[in-house]
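Take a look at the structure below.
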Amino acid sequence: MYYGFDIGGTKIALGVFDSTRRLQWEKRVPTPHTSYSAFLDAVCELVAEADQRFGVKGSVGIGIPGMPETEDGTLYAANVPAASGKPLRADLSARLDRDVRLDNDANCFALSEAWDDEFTQYPLVMGLILGTGVGGGLVLNGKPITGQSYITGEFGHMRLPVDALTLMGFDFPLRRCGCGQMGCIENYLSGRGFAWLYQHYYDQSLQAPEIIALWEQGDEQAHAHVERYLDLLAVCLGNILTIVDPDLLVIGGGLSNFTAITTQLAERLPRHLLPVARAPRIERARHGDAGGMRGAAFLHLTD
C-alpha cells in the first residue's frame, strides 16, 4: 500500500492507495503549530493506524509547501512552523523504520496528474497551478523533476516577457512580488492577479468569481478582460513551453474551474511558439483535493 500525506498549515491529510492507484482510506487531523514532537506524533499515529487497518507496512510519501530538504537536511516551510528548520525526512524515516520521501506540494500535484489512468501515456507532463499564486511541477517518465533547490516548476516567479508589455502597454506597472523581484507573472496570472488586472483597467474591485460570473452573463467588459488575460497567459506560457516542450499541460488551482482557460488557451499558443513546435494537450486537473495525497503516495511508484 502507498501512503500519501498532504501537509499544510491547517491539516495533515493521509490517503492510502492500493497497487492500482485507487484511494482506499483517508483521514485528516489538525496540524500542530508549535510542538515538533506533537507534529511527528500526529504523522506517526496516522501511519500506525493505516498499518493496522490494512495489515501491511506501507510506503510513506509526503507533500509539503516550501523546500522539503535544504543543504543541512532540514525542512523549510513557513506555513508549517512546528516542523520548519527540523530534519523531518530523517526523523520520520527513523521513527517509522522505512524510507520516507518528501517533495514540494506543487510537484506532488503534477505527479498525481501524470499518474492519471489516461495521462500515463505522456512521457513529459507539466502541471500548472493558477490559484492564490502560480506554481507547478514537471514529471518525466513518472518521476518528478525537483532540481537541487526543489524550485523546478516555480513558474510564477518568471518575469513578464517583452511580448507581454507589447500586449499590455509599455507603461504597464511592474508590481513588486512577495519574493522581492519585480514583474513576476504570479502577480498577473494568479487568481489575485486576475482580479488586480480587472481593477487596473476598469477601476472596479471585484473578486475572480464575480468577474467570471459577469463573463458568463455576457458582460462586454468582463469579456474584454478575459480575452486580455488569456492573451497574457498565452504569451507567458509560450516562453515556458519553448523551454519545457511537454506532451501534456494540466492546469489546476481555483482558476482551472473557469472552462475558458482550458478550452480557449490552445488556439492562442501557436503564435508564441517556434514554427516547428507542437502545442501540448491541455487538460484541467482531474483529482482535486485528493491530488496532494495521490502525488505524495506516488513518490514511491517508480522504484
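For all residues, glycine too, the Cβ spot is worked out from N, Cα and C.
For the Zn(2+) site, Swiss-Prot records Cys177, Cys179, Cys184, and the single candidate of His157, His200 listed with them is His157. Cα of Val139 (ATP binding site) to Cα of His157 (Zn(2+) binding site): a span of 19 Å. Gly4 (ATP binding site) sits 28 Å from His157 (Zn(2+) binding site), taking the C-alpha atoms as the reference points. Note on proximity: among Asp6, Gly133, Gly135, Gly137, the binding-site residues of the record, the Cα nearest Cys177 (Zn(2+) binding site) is that of Gly133. Summary: among the binding-site residues (Val139, Cys177, Cys179, Cys184), the fewest other C-beta atoms within 10 A of the C-beta are counted at Cys179.
Surrounding the centroid of the Cβ atoms of His157, Cys177, Cys179, Cys184, where the record places Zn(2+), the chain contributes additional residues within 8 Å, namely Gly156, Gly178, Gly180, Gln181, Glu186, Asn187. Cα of Gly8 (ATP binding site) to Cα of Cys179 (Zn(2+) binding site): a distance of 20 Å. Sequence-distant neighbours of Gly137 (ATP binding site): residues of the same chain at least 6 apart with a C-beta under 8 Å from its C-beta are Asn104, Ala106, Asn107, Cys108, Phe109, Ala110, Leu111, Met126, Gly127, Pro144, Ile145, Thr152, Gly153.
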